[in-house]
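As written in Swiss-Prot, here are the features:
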- 10-30: transmembrane segment (TRANSMEM)
- 53-79, ASP104, 196-200: NADP(+) binding site (BINDING)
- SER183: substrate binding site (BINDING)
- TYR196: active site, proton acceptor (ACT_SITE)
Amino acid sequence: MDMLHTILNFLLPPLTISFLVLFYPFYLFTKLMSCLKHLHFENVTGKVVLITGASSGIGEHVAYEYAKKGAKLALVARRKDRLEIVAETSRQLGSGDVIIIPGDVSNVEDCKKFIDETIHHFGKLDHLINNAGVPQTVIFEDFTQIQDANSIMDINFWGSTYITYFAIPHLRKSKGKIVVISSATAIIPLQAASVYSASKAALVKFFETLRVEISPDIKITIALPGFISTDMTTPQFKEMYGSDFILSESVSRCAKAIFRGIGRGEAYVIEPSWIKWIFLIKNVCPEIVDYLLDYIFVSYLKPYFKRD
């Protein structure tokens, strides 16, 4: 068996290079055909869309994009008062029917309730937007208790997987879509976000695998936004990283990009799009990205984590 690995180590590099040279033109052609296909935009008028974390941030503004196109909305979050405001705004923007379902995505029974109430009210489900999430603003060793990290994984990862589990039978019937809001930190490490980054990376790998399992019945779009001006960029977060240091994008612009990606059936939405090039550098020359992150941490961030 070791001999087989030795042979593969020797053969695969030249074979891979040859493959890329020979088939790259064909790849470009298929990408062009894919772009032409994406000129078609899905009509979401009358479609039923369930959005978690809809009380603020990306979830709120994605709801507004759907509302403008006449979609019917089921809005989920813990803050009922905020949901009511988002629901009313969505109605004014053009949504014909909006319900709110307060609850916690980290609770399995609540996740079942979200789906059950949506089906009871609308009779179907077309799109599931997994957006609910919480941030992290301390380095790993500065957690007061390690158990405090559990809630990040429970909400950011398990919250999306729980509700997806209950939604799949209904999405199969409607040939629907699942959208998951991950983060650029799933690919590029961010200081003081170790558990947060892990939760977002877990989302990417889970839904990439699920995409294989449930295709072609259900389509999956994975969004990887960078720094976005939402409630998650808390005053503590902005103070730590510095408002000038963070190249934050408006939440409305990000939501529009995600909505366009959903409508075009894109597998991934990376916003802002320049982050794609950082991902490329990370894949080709990971040491360069690691060096830059180390430099940024030592030069800008380390003073915030010094202990008494």
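Just so you know, glycine gets a Cβ as well, placed from its N, Cα and C.
Projection of Swiss-Prot feature records onto the structure.
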residue	record	DSSP class
GLY53	NADP(+) binding site	coil
ILE58	NADP(+) binding site	helix
ALA63	NADP(+) binding site	helix
LYS68	NADP(+) binding site	helix
LEU73	NADP(+) binding site	strand
ARG78	NADP(+) binding site	coil
SER183	substrate binding site	coil
TYR196	active site, proton acceptor	helix
Within 10 Å of the Cβ of LYS68 (NADP(+) binding site), how many other Cβ atoms are there?
-> 14
One finds that other Cβ atoms within 10 Å of the Cβ of ALA198 (NADP(+) binding site) number exactly 20
Rounded Cα-Cα span from SER183 (substrate binding site) to LEU73 (NADP(+) binding site), Å | 24
